[in-house]
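Trainee: Take a look at what TrEMBL says about it:
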DOMAIN    3-192  domain 'Mannitol dehydrogenase N-terminal'
BINDING   ALA4, VAL5, HIS6, PHE7, GLY8, ALA9, GLY10, ASN11, ILE12, GLY13, ARG14, GLY15  NAD(+) binding site
DOMAIN    204-346  domain 'Mannitol dehydrogenase C-terminal'
Amino acid sequence: MKKAVHFGAGNIGRGFIGLLLSQAGYEVCFVDVNENFVSQLKERGEYPVTLASEGQETVTVTNVTALSSVTQADEVIAAIAEADIVTTAVGVSILKHIAGSIAKGITERLTVSSAPLHVIACENAIGGSAQLKELVYAQLDEESRTKADASIAFPNAAVDRIVPLQQHEDVLKVVVEPFYEWVIDSSQMISGYTPIGGVHYVENLDPYIERKLFTVNTGHCSAAYLGFLRGYETIQQAMADEQLTSLVREVLLETGAVLVSKHGFDQAEHTKYIDKNLERFRNPSLTDEVSRVGRSPIRKLSPNDRLVSPALEAHERGLSYAALTRSMAGALLFNVQDDPEAVELQASIADIGVEATVTKYTGLAADHDTHKSVMVEYNKLK
Ligand SMILES: NC(=O)C1=CN([C@@H]2O[C@H](COP(=O)(O)OP(=O)(O)OC[C@H]3O[C@@H](n4cnc5c(N)ncnc54)[C@H](O)[C@@H]3O)[C@@H](O)[C@H]2O)C=CC1
Ligand SMILES: O=P(O)(O)OC[C@H]1O[C@](O)(CO)[C@@H](O)[C@@H]1O
């Protein structure tokens, strides 16, 4: 049986990537720091995934096992050495913590095999696999790098499935929305690969990852930040608020204008894509916490993420970005006590003020029009 090693047995790991890999015939070896997930996955060898729709159908993901990132480092290295694919869903900021074991696994693999290996970061980030490759290569010696160039590929990917925080008796159970989209850059794959069922392989990933990140993620975090300010706990409550929904739509019309101008998407098609995603956010069969969707506001305010990047693209194209800066202002007011990045952001505002904090985390200079717009929106929301 083909072997997959997947880092991150969390919501996306179990609810999406692990499910598709298992259904494609792989034995899936999860690697996680969460000992509860690891022991249960190893012991049971399977877990349930329930689709959040009327039918509430449940599938059982089989042929799974797990290793602990913490106590089984050597076994993880050995698993990578004999893997047919390595995937991750740990959070883009966590990639630096797993790069070492992937580098060691690749080094060991290259001494015994020249079989091709795809390493695919399934994270909400532009160029996630390229970022992982850089982190891994930095830990390979010259000889291994040369060998890796011939048989190890790091194709970028876009992953989309809303998987909220889970609270079930069974810690392995995951409730997910029916929709999913996993797009992989086929131009970065090693020829002769066996496609994974359910995955879209596209020659140029950029339009897809930007359309997804600047529509699904931008809209979602906007709903979370505006919802937080109105005291809503869940996205479902926020999206039931007509006025809030129209503000979220305004943001997606701005990113839509950028995507149509930059990638040539058909306007009518894109409007349908926007409406479909607003429906996905509403999904009454899910309970999606505002705190999850808005989590890590520093990451979400960073220059290449879902708010600043499209706003700068809009600015360059002479397109509107006021609603995007309103969402950035919302992130600056996302004062969630158990979110370390939210705490750091509030501390920065208290320490160096809002203007300097905006520049510090978004990279927008105080004299840049977008920075000024953030301040206007911040003072309005405050
Ligand atoms: N939840 C969602 O709706 C979606 C999430 N994503 C992306 O998927 C990635 C994972 O997100 P979620 O599954 O929601 O998060 P999660 O928190 O449910 O899962 C992350 C998992 O990584 C594990 N982990 C942390 N450090 C680790 C390490 N050093 N080694 C091994 N495992 C480690 C955690 O224990 C956790 O089980 C993120 O990049 C996220 O942006 C993408 C699309 C949808
Ligand atoms: O995982 P992140 O980037 O913190 O944000 C969660 C995002 O993942 C999503 O499923 C969209 O990919 C939504 O849940 C949300 O926009």
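Glycine residues also receive a Cβ, built from the backbone N, Cα and C atoms like all the rest.
Unlike curated entries, TrEMBL annotations are predicted automatically.
It should be emphasised that the depicted structure is a prediction, and the values quoted were computed from it without experimental measurement.
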Trainee: Quick one: mean pLDDT on the domain 'Mannitol dehydrogenase N-terminal' (3-192)?
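Mentor: Per the prediction, mean pLDDT sits at 97 for the domain 'Mannitol dehydrogenase N-terminal' (3-192).
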Trainee: With the Cβ under 6 Å from ligand 1 as the test, give me the qualifying entries from the binding-site residues ALA4, HIS6, ARG14.
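Mentor: Passing the 6 Å Cβ check against ligand 1: none.
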Trainee: Should ARG14 (NAD(+) binding site) be counted as helix, strand, or coil on the basis of DSSP?
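Mentor: It is helical.
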Trainee: Quick check on the binding-site residues: of GLY8, GLY10, whose CB has the lowest count of neighbouring CB atoms inside 10 Å?
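Mentor: Counting other Cβ atoms within 10 Å of each of the binding-site residues GLY8, GLY10, the minimum falls on GLY10.
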Trainee: Would you mind splitting the domain 'Mannitol dehydrogenase C-terminal' (204-346) into helix, strand and coil residue counts from DSSP?
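Mentor: The domain 'Mannitol dehydrogenase C-terminal' (204-346) comes out at 102 helix, 2 strand, 39 coil.
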Trainee: Could you list the residues of the same chain, at least six apart in sequence, whose Cβ is under 8 A from the Cβ of HIS6 (NAD(+) binding site)?
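Mentor: The answer is GLY13, ILE17, GLY18, LEU21, VAL28, CYS29, PHE30, VAL31, VAL86, THR87, THR88, ALA89.
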